[in-house]
Amino acid sequence: MIIRANAISPASSSSFLVQPWFVVLVIAGAIERLCGVATGVAIERDWVVLLAGINRPIALAQANAVLNRIDLLCEIAGASIFGILLSKYDPVTCLKFAAHLMIWSLPVMVGLIWLINNNFPGVLDHSKSSQRCCKESIEGAVADTGTMADTIKLGWKEYMQQPVLPASLAYVLLYFNVVLAPGSLMTAFLTQRGVNPSIIGGFSGLCAFMGVAATFLSTALIRQLGILKAGAAGLIFQASLLSVALAVYLSRSLSQQSPLLFFLGLIVLSRLGHMSYDVIGAQILQTVIPPSKANLIGITEVSLASLAESLMLGVAIIANDVSHFGVLAMLSLLSVVGAAWMFCRWLLNPTDEQRSLLSF
């Protein structure tokens, strides 16, 4: 569809949006995104627990770290390779290469899952006892009406009743931070200030590599502090560095190169805390949530995180001026501080049920 769009003559925005090929492209993109989310939740929140073992926290931490490490390295490699290809070939050739790569990767992925199931027979099948705890209630609620609205309502109900809700909400709150993080808004801000493109590229690259470093750090933190204190350490570390970064911005000294580099360096280092909690928060849910509810609660959490990010991007669109960057940065910082406060408050005041499930 994109290749066809590149081949036809440019049209106005209104006629562009009603073209059949554009509608098909949007629908295909939405389906691909939904399938990606479903696959990610199934593998990262369910299968990895069954393979590593729910009662083996260090092994589970290492498995989560490896998954995140591979994911981040593939993102870095993919962006780099695609950039090199774009510098040598036209966009249509690059898109054909990407499409062929995706098509060929599908049977490889299916084959690897089949191989896991053959080498570890039954490990990806939930036991009857684990399914029975909530299977009847879930199937009954959905079967009553069978509508999408009731399924969403059920997911929300199960999500709000989970015993580690504060840890999950802290994860969602972090996605409100779309300004003091690598992304389109930070790139636009730096470009508007006339920052050298090499500095912008270096900033994005260092943030990505900090994500990889965090996968090693999270495992070490869990081994040394335990999973809950490790999560608190990651959140406090991120909130502290972003507070200093915002103070540097408010000092209005970013017109000089040294304060600007210090500002960007603080954001780069804060990614260690963010990505560490990304791994640790997922493991908290993996440890506590029953396998029969893992997919439902996991998808609800991912949906809320996407909604949080979309809301902040909507606020940024409404602001629509670089002069409002400070307000957006303040909102981003408040979300991170709120996440750290919520998690630490929960850590200091657990319920009896939470004490029985986790070591406080």
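Note that Cβ sites are derived from N, Cα and C of the backbone, with glycine treated the same way.
Now, the feature entries from TrEMBL:
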TRANSMEM  21-43  transmembrane segment
TRANSMEM  63-85  transmembrane segment
TRANSMEM  97-116  transmembrane segment
TRANSMEM  169-190  transmembrane segment
TRANSMEM  202-222  transmembrane segment
TRANSMEM  228-248  transmembrane segment
TRANSMEM  260-277  transmembrane segment
TRANSMEM  297-318  transmembrane segment
TRANSMEM  325-348  transmembrane segment
The transmembrane segment (169-190) versus listed stretches 63-85, 202-222, 228-248, 260-277, 325-348: most Cβ pairs under 8 Å: 325-348
Given the cut-off of 8 Å on Cβ pairs that are 6 or more apart in sequence, determine whether the transmembrane segment (21-43) and the transmembrane segment (260-277) share at least 3 such pairs. no
Positions whose Cβ lies under 8 angstroms from the transmembrane segment (63-85), at least six residues beyond its ends: 43-44, 48, 51-52, 93-94, 97-98, 205, 208-209, 211-212, 214-216, 218-219, 275, 278-279, 282-283, 286
Taking a Cβ cut-off under 8 Å, which residues six or more beyond the ends of the transmembrane segment (228-248) line up next to it in the same chain? 167, 170, 174, 177, 180, 218, 221-222, 254, 259, 262-263, 266-267, 269-274, 276-277, 280-281, 284, 329-330, 332-333, 336-337, 339-340, 343-344, 347, 358-360
Near the transmembrane segment (325-348), which residues from the same chain, at least 6 beyond its ends, have a CB less than 8 A from one of its CBs? 166-167, 169-171, 173-174, 176-181, 185, 189, 228-229, 231-232, 235-236, 238-239, 242-243, 246, 249-250, 308, 312, 315-316, 319, 354, 360
